[in-house]
């Protein structure tokens with residue numbers, strides 16, 4: 001920070017304030033995590049200076065021998081971690097990984113069967129405001145009203161009726177395990193390709209704590225942050241026979257030069273995920289999520305599907321007449337960072353919502369365990385109950401800050 005402080009004190013100030021925010025607040029946004037110092041060093045390295053259009057051994061620029069080493073290491077580590085034949089580590093984001101996957105097997109106007117955004121899906125699974133909904137015909141499936149779980153019979157019925165070219169499995173706000181084998185059986189029955197977006201659960205999959213989609217999907221996409229705990233970016237996994245097509249969809253299809261400094265950071269994070277400590281961490285993420293979910297349930301809060309199988313939970317605030325927006329604001333005032341989220345069969349706008357989404361990956365990285373989750377749960381409950389009392393929220397914030405500062409941003413669990 002010394003050079004930034006001297007050269008650009010305004011940016012230095014913003015970075016310092018963000019650092020203080022991360023250390024002094026409780027990060028419960030399910031799509032966020034905290035990377036290691038090694039990952040940050042790789043992303044801030046001299047690799048940011050290098051242009052490297054193409055792929056290892058087939059670049060359009062000279063001087064790529066060392067970035068070839070970096071990208072090859074990232075590919076090989078991902079193949080080993082997920083038992084995949086083919087990996088592309090160049091996507092700048094999960095959304096671009098999904099776009100490349102679709103373009104590899106679809107033509108504009110083809111039909112996609114994907115999870116409804118308000119039921120837990122992602123923008124790229126067919127939202128009309130996203131490229132997926134603008135380029136392709138979208139049929140949506142969702143969860144059962146009674147259980148909050150994916151209605152596989154409905155998925156199968158819609159697949160038979162609409163004969164989609166692609167079925168998308170995976171979600172951004174679904175707290176239960178997904179049966180990828182069942183999705184593949186449905187896809188095979190109607191002659192569809194199965195694309196799985198495992199962005200949220202990639203770390204759990206890598207640790208063997210969630211069914212892997214890789215043996216079942218024709219194409220698997222993911223982000224490299226979230227539970228995988230790497231830099232912000234994307235990745236594609238598939239079989240070797242899909243490799244040439246997928247490579248061409250990323251470059252020259254939708255991207256130019258890869259971000260080699262980010263790919264280096266991906267490689268470091270993938271290396272970390274190959275260590276036994278990573279499985280310990282992921283198990284703690286699950287244990288913490290289960291504890292936090294139980295704490296909220298015991299206090300009378302409604303959780304979509306009644307609980308969680310993974311790192312996240314969705315709190316339905318409808319019965320308490322609290323909007324997700326108001327809950328997010330109150331919790332942030334109290335030093336707890338969450339995001340408002342639609343719930344299945346939502347009646348409010350996505351800018352207001354009836355729920356909040358909570359995740360335990362970041363707090364687990366800081367070294368928190370089940371007993372700490374009970375404390376976090378009590379902070380959440382107190383802040384929601386006192387949401388209209390500014391003075392009480394300030395008292396809670398001070399307690400939250402004191403509690404948060406007991407934990408480093410990145411704790412080594414083993």
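Cβ atoms here come from the backbone N, Cα and C positions, even for glycine.
Quick caveat, the model's predicted, so the values are computed rather than measured.
So that you can see what the record holds, here are the features copied from Swiss-Prot:
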type	residues	note
BINDING	117, 121, 122, 123, 349, 350, 351	(6S)-5,6,7,8-tetrahydrofolate binding site
MOD_RES	226	N6-(pyridoxal phosphate)lysine
SITE	225	site 'Plays an important role in substrate specificity'
Most crowded position, judged by CB atoms within 10 A, among 121, 350 as binding-site residues: 121
Cβ packing number for residue 226 (N6-(pyridoxal phosphate)lysine), 10 Å threshold: 28
Where the record names 117, 121, 122, 123, 349, 350, 351 as binding (6S)-5,6,7,8-tetrahydrofolate, the maximum Cα to Cα distance in Å: 16
Same-chain residues at least 6 apart in sequence whose Cβ lies under 8 Å from residue 122 ((6S)-5,6,7,8-tetrahydrofolate binding site): 98, 115, 170, 171, 172, 197, 199
Neighbourhood of residue 351 ((6S)-5,6,7,8-tetrahydrofolate binding site), C-beta criterion under 8 angstroms, separation at least six: 325
Pairwise Cα distance for residue 350 ((6S)-5,6,7,8-tetrahydrofolate binding site)/residue 226 (N6-(pyridoxal phosphate)lysine) [Å, integer]: 22
Number of other Cβ atoms within 10 Å of the Cβ of residue 225 (site 'Plays an important role in substrate specificity') across all protein chains: 27
Listed in sequence order, residues with CB under 8 A of residue 123 ((6S)-5,6,7,8-tetrahydrofolate binding site) and six or more positions away: 95, 117, 129, 130, 132
For residue 349 ((6S)-5,6,7,8-tetrahydrofolate binding site), the number of other Cβ atoms found within 10 Å of its own Cβ: 10
Spatial separation of residue 226 (N6-(pyridoxal phosphate)lysine) from residue 121 ((6S)-5,6,7,8-tetrahydrofolate binding site) - C-alpha basis, Å: 16
Length of the line joining the Cα atoms of residue 225 (site 'Plays an important role in substrate specificity') and residue 349 ((6S)-5,6,7,8-tetrahydrofolate binding site), in Å: 28
